[in-house]
Amino acid sequence: MEIPNPPTSKCITYWKRKVKSEYMRLRQLKRLQANMGAKALYVANFAKVQEKTQILNEEWKKLRVQPVQSMKPVSGHPFLKKCTIESIFPGFASQHMLMRSLNTVALVPIMYSWSPLQQNFMVEDETVLCNIPYMGDEVKEEDETFIEELINNYDGKVHGEEEMIPGSVLISDAVFLELVDALNQYSDEEEEGHNDTSDGKQDDSKEDLPVTRKRKRHAIEGNKKSSKKQFPNDMIFSAIASMFPENGVPDDMKERYRELTEMSDPNALPPQCTPNIDGPNAKSVQREQSLHSFHTLFCRRCFKYDCFLHPFHATPNVYKRKNKEIKIEPEPCGTDCFLLLEGAKEYAMLHNPRSKCSGRRRRRHHIVSASCSNASASAVAETKEGDSDRDTGNDWASSSSEANSRCQTPTKQKASPAPPQLCVVEAPSEPVEWTGAEESLFRVFHGTYFNNFCSIARLLGTKTCKQVFQFAVKESLILKLPTDELMNPSQKKKRKHRLWAAHCRKIQLKKDNSSTQVYNYQPCDHPDRPCDSTCPCIMTQNFCEKFCQCNPDCQNRFPGCRCKTQCNTKQCPCYLAVRECDPDLCLTCGASEHWDCKVVSCKNCSIQRGLKKHLLLAPSDVAGWGTFIKESVQKNEFISEYCGELISQDEADRRGKVYDKYMSSFLFNLNNDFVVDATRKGNKIRFANHSVNPNCYAKVVMVNGDHRIGIFAKRAIQAGEELFFDYRYSQADALKYVGIERETDVL
């Protein structure tokens, strides 16, 4: 007979009281532990200092110190003050000397701490005010409403004050685990009490019953359950959610507790974890599983792991690079080469999408060779039927994604038509053992090198290309390769010159008509339809870049330039569109030449190559610190990139109100979505001061899909000059923030 549960309202009230009391107890315990830890560290450090001081005193006692004879003060300088020098060491007599005053030294300008940075660093918005800035006593007395307005900009959220507001505490993971475990003990005690009362009633009626096997089994199972840790009751999570609503709903808390307990287990593996391919526990897995971390962590836009510039915008791309193809070698690589097998070379070349024979779109299937036996043909048919339930198009998409240097994640493409039935080369089967690591590596290499088994064997290093070929036939990977639509060469360029002229006119119209609205570039992702008014690139008036997943022949895609000069005039489409030449698109101007960065003919790729000038930081003649150039530069030559934190416009508004009070701001508008803030992180160009007659100018340039700020020379600048550029202040702000205008030299 089950014991009736108390009413739900009483249970929730009971658990709320328990949650509050346990949370307050844990807070006091944490504070006590922190205080005890600080005291223990202080005592330990003080003991170390005492020990070191005692050692030094003993060393000083062993030294033979001779007192220096005191010098008599020179008379005749009555205006000089006398001072007495006393020594703490015994044996040294006091000395009386004349005091000589030093000349006044100019103070170093005030500089707030900042971290050096060589590229933009995207950060998240700060929705909680970390600290209330100190503006001085004068500002505090005169403008008392500033602090209130600042706190209101963060919706009243200040770090450290959330504990005083009931229900607004964000519980840390450690405290959350301890709180749930502590509350779980109360539920265990209640259940034990209920079980004791129910067991007592049952034992009275069953005292004389014999111990049966069934009762023994129940007793053993009860002991096992009691030994294991019981999962907390749902009422506990409901009570915590009602007391701390900002931490989520009860289901979220339950899932959070389950994840934290699994993470605390040292033997538990993380989710979607593949064993180390170099370890003894390597497994034979599919290509997608082997490259899961690669596709997740590697940024295809800047070719880095854990990129800080595109952490939230990972977009796929199926655009095929126009690079040199890897072809199968015509001659065998050795005695164990697969090309020595009868028909293997023709078989691999026919199914290799990178060979010339696959360049034309085949309208009919090849006829099976007469030398091929019926058994071989039936074997191929059986292999195809066995693989019919696999998605051929998806397998190819995941394989071709790695060969694509612009692809971020495996993408889906249309399934290719069924490959022709060809005779499988029958080779004497050799008992070759493949480890899990070798099989996984083969599947990874096969997505890049396809049927070039000689290259795959060289990369594996443990198998011959004949063995690799036999394993590929066994895996039926050769039959999965599409040969028609996916890997066909570029289409005929019929209206190339006409389209290019129309494209250049479009750039000029866009340059003339458009307003100052510049939006951040986001790659479009609609491979099945052309770019129209719903395309995000067209909606934001951006060109489709090489990272977009639209058709390579898209009319909105920027194809690069065909210049053969320095690309520093408006004759260059890239320079006209205020963007740097792309090394993957501009193949004739020299932007794609990477052998020597300083001798490259194209002058419109300095930002992406980091060809900045040597700058010096020194006190400025205008205000505070200034940036000086160490080498002379010519007009319109690139000097440096303005780097800093990449923040949103809303975050810039919140930070700007504090910077205006300090009368020092390093905010620079990048586009309508983001702002570069060099206050906390930046480079030396952040110290360049404002002037209405500057020698530099700033320009926002599109560099490989990213807006970046370049500082260029407005005129010829000599070595040692201080750099100035126009902050574009209004007249009121210029009088407010700019105190001294630099003296302009008459040239």
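Backbone N, Cα and C define each Cβ position, glycine as well.
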Looking at 221-226, 251-256, 491-496, which one does Swiss-Prot call motif 'Nuclear localization signal'?
491-496
Looking at Lys206, Lys327, Lys356, Lys511, which is the one Swiss-Prot tags with SUMO2 cross-link?
Lys327
Could you give me three numbers for the domain 'CXC' (504-606), the DSSP helix, strand and coil residue counts?
19 helix, 3 strand, 81 coil
